[in-house]
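Each remark here refers to the structure printed beneath this line.
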Amino acid sequence: MALKFHVLHQSKKSRARVGKIETAHGIIDTPAFVPVATNGALKGVIDHSNIPLMFCNTYHLLVHPGTEAIAAMGGLHKFMNRNAPIITDSGGFQIFSLAYGSVAEEIKSRGKKKGSSSILEVNDEGVWFKSYRDGHKLFLSPEVSVQAQKDLGADIIIPLDELLPFHSDEKYFLSSCSRTYVWEKRSLDYHKKDPRHQSMYGVIHGGIDPEQRKIGCQFVEDHPFDGFAIGGSLGRNLQEMLPVVDVTTSYLSKDRPVHLLGIGDLPSIHATVGLGIDSFDSSYPTKAARHGLILSSQGPIKIANQAYANDLSSLDPECTCATCTSNISRAYLRHLFKVHEPNAAIWASIHNLHYMQEVMKNIREQILNDEI
């Protein structure tokens, strides 16, 4: 079945809302944080049954083991042994972010310079690129991308789009926006021929140009997408991103869920949930965990600091995750990181993912109380 979206409460204070998305593999309470399982796995976490929605990258799964191989095994849900919703991207995000840097990197001023050799050619038909594994030449078109996502069988899929960095010149930027919407229309047409249980979100581009964002919103509104996704360049920092998200959500109808692509750090979530964002995806909590940054109700903890060398308290006294209830102390976790014990990243990742789910639960409660 295609997804069904229900708004349970609209805040009286902002555009924030509490809702639920029904899919063939389960219900997602919104606003929701969506962790990224790049290769079909959450790094450092074995049990993902308590994660309502996971984001898997089509590009990586296309390169290995191959989406046709996964289809032959019954799809991504069976391959991963997951009986809960999955969202996949088009593959375009990974191709272009490997070349230019991701949206999140750009916001943190770490975007790569244009000219990476991973992209060989971009034209109206699609994009030719080199495999990051062996340099093999690959081609991705709207139809190839959607078929790959059909093979994977994700509940929510994304049409092919072109991700440009902030520093693109205006002429190429405008031609890219036009090409993206042609690609999205082709993606949607291909999807509608065989929708199965899947739903497709339309991606809104336009950079930081309000008029181009309005055009993008009009495009997705005029086509039967099941939800909206805000993509493309969102500026160089949070201050530039906020007006982009604000103007974009102001143009969108309220009957479909809105996802913010590639953004899911805590400051961004707190800043944009009131603008009407229903879901966020990011590898932030697991990546932070692998680098020894622990999220907690008392603020972030850099576990390598000497201050925690003899600290036998739990990572977060308010937390009920498997790490904290197993009495893994700050001192012990610091020791594991210092000796490069793999368990360190596992314990930290379990905690950070649980913490993010609790943050979203608290946000939903605040919206219900019209506090956001």
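Quick reminder: no glycine exception, Cβ is built from N, Cα and C everywhere.
When the candidates Asp161, Asp311, Asp316 are compared with the substrate site entry in Swiss-Prot, which names Asp89, Ser90, Gly91, Gly92, Phe93, Gly232, the shared residue is Asp161. Per Swiss-Prot, the stretch carrying the note region 'RNA binding' among 115-121, 248-254, 262-268 is 262-268. Note on Swiss-Prot: of 56-60, 286-290, 341-345, the range annotated with the feature region 'RNA binding' is 286-290. Together with Cys319, Cys321, Cys324, Swiss-Prot lists one candidate of His270, His291, His351 for binding Zn(2+), that being His351. Among the recorded positions Asp89, Asp161, Gly232, Cys324, the residue whose Cα lies closest in space to that of Asp281 (active site, nucleophile) is Asp89.
Using CA atoms as reference points, the binding-site residues Cys319, Cys321, Cys324, His351 were checked against Ser90 (substrate binding site), and the closest is His351. Take the Cα of Gly91 (substrate binding site) and measure to each of the binding-site residues Cys319, Cys321, Cys324, His351: the nearest one is His351.
Looking at the region 'RNA binding' (286-290) alone, the prediction's average pLDDT is 98.
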